[in-house]
Amino acid sequence: MALIPSQILRIAILLSYLSILCHYKALDMPAHQTYGGSWKFLTFIDLVIQAVFFALCVLIDVSSLMTRAGENREQERQLRKLIGLRDWMLAVLAFPFGVFVVFTFWSLYLYDRELIYPKLLDNFIPQWLNHGMHTTVLPFIIIEMRTTRHRYPSRWCGLAAVCCFGMGYILWTYWVHQVTGMWVYPILERITSLGRFLFFSVLSAVLCVFYVLGEILNSYIWDQPHTGTHTHTHTHTHTQMVQIVYPCKSTHTHTHIHTHAHTSQNFLKVSLSPQPRSKVSELELCMAVESHTCEVTCQAPPTKTAQGLQRCDL
């Protein structure tokens, strides 16, 4: 059992994002007064996405508590729609863009902070707020993915939605430049038109990689334990003891041994009975297999023994 219920975690994360947004909007920054305001920056857009996503998660938690199974089919239907929207939003927006913002910001910041976050901004944005916008997004979204199973759309539909959203933001940055004559980020000022095309192309590919990474991570967290349990059960259900005694010089065929036994003309007797080794004096080889669909070659047709086992007599 988790130390903190997932419902409490979501409320805390939502309040954290609301606090960050309020503090950010309260900043007296020149960029907020120009065309597009805070909506020019992908960081702010991502914060809004995360806040809306966790607000939706909290709404689903509250609705689940208020909706009793079987009492109101309409409420259950609406709740399923909300859950579907939540899963889609995490897969297409919250996870890929959240991870993308953290990765690209800190990569460029460590390389040359003037390309993405000039030192001048330290006079406006405190360090804790900077980390709230560009760092805590990653652990928050991983916590959500770890505590709640989400159903991803088909990969091509998901990638198409991610690419559409990413292309929309790229066009938005070009439009802002067309209106104001300035690029949203300093790095775009320092590269050529071809460089910007390559820059956006690489970032779009990285964004798609993060979508696939989220899909794989979600599958690993929730499907891997299930697969392991299934395999364990399957093995113990179908495993049988195969007893093989040799040599043999025959050509008669019986379909009782699995291929993993690697049967050949040197085998004489085959038994699917889990008889103890101490009771089989002629036993030379004993192995566990998962099924009994293979062949072994013997000299004579099979006859029933006193123990009811299939044998091949010379």
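Quick reminder: no glycine exception, Cβ is built from N, Cα and C everywhere.
Remember, TrEMBL labels are computer predictions, not curated facts.
Remember, predicted model here, so these are calculated numbers, not experimental data.
What TrEMBL lists as transmembrane segment is 7-27 (among others).
Annotation source TrEMBL lists transmembrane segment at 47-67 (among others).
As annotated by TrEMBL, transmembrane segment applies to 88-108 (among others). Long-range contacts of the transmembrane segment (88-108) within the same chain: residues 42-43, 45-46, 49-50, 52-53, 56, 115-117, 134-135, 137-138, 140-141, 144-145, 150, 152-153, 158, 161-162, 165, 187, 203, 206-207, 210-211, 213-215, 218, each at least 6 residues beyond the stretch ends and with a Cβ under 8 Å from a Cβ of the stretch.
Cβ atoms under 8 Å from those of the transmembrane segment (128-145) belong to residues 9-10, 13, 16, 19-20, 23-24, 43-44, 46-47, 50, 54, 57, 90, 94-95, 98-99, 101-102, 105-106, 117, 214, 217-218, 221 of the same chain, restricted to positions at least 6 beyond its ends. Summarising the annotation, TrEMBL assigns transmembrane segment to 128-145 (among others).
If you look up TrEMBL, you'll see 157-177 (among others) marked as transmembrane segment.
Using a Cβ-Cβ cut-off under 8 Å and counting only residues 6 or more beyond its ends in the same chain, the transmembrane segment (197-214) has close neighbours at 90-92, 95-97, 99-100, 103-104, 145, 152, 155, 158-159, 162-163, 166-167, 170, 187-188, 191. If you look up TrEMBL, you'll see 197-214 (among others) marked as transmembrane segment.
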May I ask for the residues of the chain that lie six or more residues beyond the transmembrane segment (47-67) and have a Cβ under 8 Å from a Cβ within it?
7, 10-11, 13-14, 17-18, 20-21, 24, 75-76, 78-79, 82-83, 85-86, 89-90, 93-94, 97-98, 133, 137, 140-141, 144, 148
